[in-house]
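Feature annotations, reproduced from TrEMBL:
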TRANSMEM  12-30  transmembrane segment
TRANSMEM  54-75  transmembrane segment
TRANSMEM  96-119  transmembrane segment
TRANSMEM  139-160  transmembrane segment
DOMAIN    185-231  domain 'PAS'
DOMAIN    259-311  domain 'PAC'
DOMAIN    490-547  domain 'PAS'
DOMAIN    563-615  domain 'PAC'
DOMAIN    647-782  domain 'GGDEF'
DOMAIN    789-1045  domain 'EAL'
Amino acid sequence: MPQARSTSGHGPAITICIVYAVLGALWIFGSDRLLLAITEDAELVSRLQTAKGWFYVLMTTGLLYLVIRFTMSVARHQEQAQRASTDALAHPSAQTGYWIPVAILVGLGLALAAIALLYYQQAIAPGPDAGAPARQAAIWSLATGVLLLIGAGFGILIWWRSHLLAFEARSLQAELVSQADLAERQRAYEALAENSPDMIVRVDRQLRHLYVNRALEAFTGVSRDTFLGKTHAEIGFSGETVSRWEDEFRRVGETGEPSKLRFSFPDQHGRTRHFESLVIPEKNAEGHVEHILSISHDLTDHVKAQEEILRLRDLYAALSQANQSIIRIDDPYELFQRTCEIVVEYGRLDMAWIGLLDPASQIVSPVSRAGSEVAYLDEIEVSANPARAESHGPVGRAIRQGRASVFEDFLHHPDTRPWQEAAARYGFRAVAAFPLRRGGECIGALAVYSRHMHFFKSDIVQLMEEMASDISFALDNIQREEARQAAEAEMRLAEEVFEHSAESIIITDAAQRILRVNRAFTDRTGYTPDEVVGRRPHMLRSTRHPDHFYRHILSRLHRDGFWEGELWNRRRNGQVYPQWLTLSVVRDGEGAITHYIAVGLDLTETKHREERIRYLAQHDPVTGLPNRGLLADRVDQALHRASQDKHRLALLSLDLDRFKIINESLGHQTGDELLRVVGDRLNQAVGESGTVCRIGSDQYLVLLPQIERPSEAAQTATDLMTQVAQPFTLAGQEITLSSTVGIAVFPEDGRDREALLSHADAAMSMAKSNTPGGYQFFTADMTERAQRRLSIENRLHRALDQGEFQLHYQPLVGLDDGRITGVEALLRWHPPGGDPVPPAEFIPVAEETGLIIPLGRWVLQEACRQAQAWRDAGLPALPVSVNLSVVQLRRTDITVDVKEALAATGLPAADLHLEITESVFLDGEEHDAGIRTFEALQALGVRLVIDDFGTGYSNLGYLKKLPVAKLKIDKTFVRGLGQSANDAAINAAIINMARSLRLRVVAEGVETEAELNALKRLGCDEIQGYLYSHPLPADQAGAVLRDPPVLPGVASRPD
């Protein structure tokens, strides 16, 4: 520390004494000389000397007092400056006490100088007073004044020296205080850095850590010793954030400018935190950056608060947009869709959908959806039935409980298991649902989805509840508005139907300005005379007619003087109505037009009456159903279409059992109501595809204009009887009815309307006699067949799942050596506890219902599997043939099915033969598509076989285009071969044609040796039939393959 400077107090004291002595001597000497110069009177001089003596004593005493006081004040203030760093000379009393004597000296000096000037003027002036005394007095006065001024200068010098001493003392004290403060501040800064919640890092230009505080240690879980002297990479920190941080440090080191950086980084527990870092360069004396300091402030709470604010802002925006949509949109489904879009677009949610509850099934079905993952809804089912697990999720709960249902951790809640797998694939983590009401009843829910757990905070839920409440309010308004509009429409309709019409009249001048209108005009248009008089009648024009339509009327009117016709006019309220208008012109004597007259008849009521008449002419007045006349027209049209398109139609005659008893016991009014309800139920059962009419007191007719098979009519009859059998509540009583149905099918039961109606009635009468409460086809045979077919169709749906199908295998044998050349897989169905169902019965049903597609895939898989299993068991490697249905070829990509079967079983493609019938070869696009399919199958290595050759397609050109390996002669040509020359000729033609095309020929259905011998003579390659083996189950067929029987008349060559 610097040493305090010492000063001696002798110098100022000696100076003061010398100044005092010189001034005193000058005062005595000068004042005496001045008195002698003023007067020579000795007594006066003596008195003046005494006076000036006292003046000197008083003046010097005062000066001495002031000097001593000033000196003590300076010393005191210097001491205080050393203790408190206070400027001594700045003290007001010190300044004042010092400058008073200096001012007195200056004043006396100046006064004496002024006296000297007066004496000098007296000395040089002419007169008796001029002369040497005056000059001497002037000289001594001037000398004395100069001495006093010199004394004042000495005082100023003394003050300046004291001021310098005080400044040195103050500087010394300031230096001592500065060093102490610096040390104290250093300790404070270190404590502040260590205890700061911000992370503080100090690195060198190579980014090696020189200092880290406790906050960074706590955040990273890495000790300070691990940090010091190492870079991030050496410590083990890496990643994009670390790279950004280091790049910013390097930039600050290069530019020397501080900067700010925001980043996110996980703490030692893996939780992501958000920071703002201030990066500061530390420069040396030359201005070069030596170190870099970083202070990172945790902004996580701030960021989360900002995100929450933004989220709430977006939700408020969504709520505002939804409210605007509620005001603007009056269609519920449009409102639903717009709401979902708003929630996703403005609410920052990932998906939203609105589902409505079906009261009957309790299923909640989506009616609107929005978001990037709406495909999720196609994979789930939601119910409100508490007995089902699908009702315990957010939507089901919201509907059942009538309040918001929130699942913040959707993927782990035990009640959301039915949807967790799908939700995980789409990334949904939190789900909330809010009930929607209409008329106080919960009709559905708004469901919203987020990819963030715990997204739905209480304020968000409150906003979404408000949105759902607003939507419910809008639904109530829409319902009320619809009811109001419906009531108004019904009122207008009633007024227009029953009100008497009257003609309206308008008279205009030649310029077509209205002059007069009558009351009917006002009644019809709403315009009063005051509103239209003086105006052209353009306000009556509607937008339904173009401008040239009115120009044409005016042209005809001017040419003929008359026009009449129907047009659409507009009332004052904007309503458009039809009118029969008659226009005429009035001319003067010269033929000039003076007036126009328009007579209008409002056709609104007339058109309504015409529509009503047409309706009553074609509908039953009790039920509103079509009557016999309208039904006859629809039956005729349906018959015409059925004849052209070659499809069936059906007429069902339904009679209500015991209706007359109910009608007589409860009254005709109740009976009519019962008939109306029955009609509604029948319409519901038939749907839009059919027509229900009432033709008698308790008899209905149902037209099914297009059916593929009679069993469809039987199913409809069952549905109709089921609807009728449900209890009715009428007149406070529960009524139960049954019904009987008779069925007639076109073309089997008749080809015209009268025949079908008669036969349907006959079948109904027969059913009432035989099986009341049931249905009957017109013929017993058809009834039995339809019932059996319906039974087959119903059982087919579960037969495949329950493993009721199996494959039997029938060998193919070569005629040249008697060896088995392959096996054909034949499908068999033997229901448990029942008789086997022939393939001819269930295969057509499977084709018509589409069940042949999964059934065909199973046959392919099983046949390939069994063929490969025989190979693996050491049996001969023989090809297996599988029949393909036309439906399989046209409705599926059979190539994919074949690939999958071969890949799953390992069977070589060349050992799979696919048998197809000629019926697949049609003209047009299906033909071309079939060719491409067969070429694709050939590319796989599969062989194609034409089955039942000769029974189908007559154009043999397809054989040149198709990759066919074999032809199979249908058994109808083989049966009885050897007994008919025609059969022999047909077989010979087929075999010769196949040989010319290098195709092998297989004869099916060979049952006798005579047929076998005939085929051998004709050169047939292979045979298949009962003569060699029946179709056998897999185990029995394997035994035949292991020990094949000998074909009669053919010697097998050794293997």
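Note: Cβ is positioned from N, Cα and C throughout, glycine not excepted.
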Integer mean pLDDT for the domain 'PAS' (185-231): 82
Helix-strand-coil residue split for the domain 'GGDEF' (647-782), DSSP-based: 67 helix, 41 strand, 28 coil
Helix, strand and coil residues within the domain 'PAC' (563-615) as assigned by DSSP: 12 helix, 30 strand, 11 coil
Helix-strand-coil residue split for the domain 'PAS' (185-231), DSSP-based: 22 helix, 11 strand, 14 coil
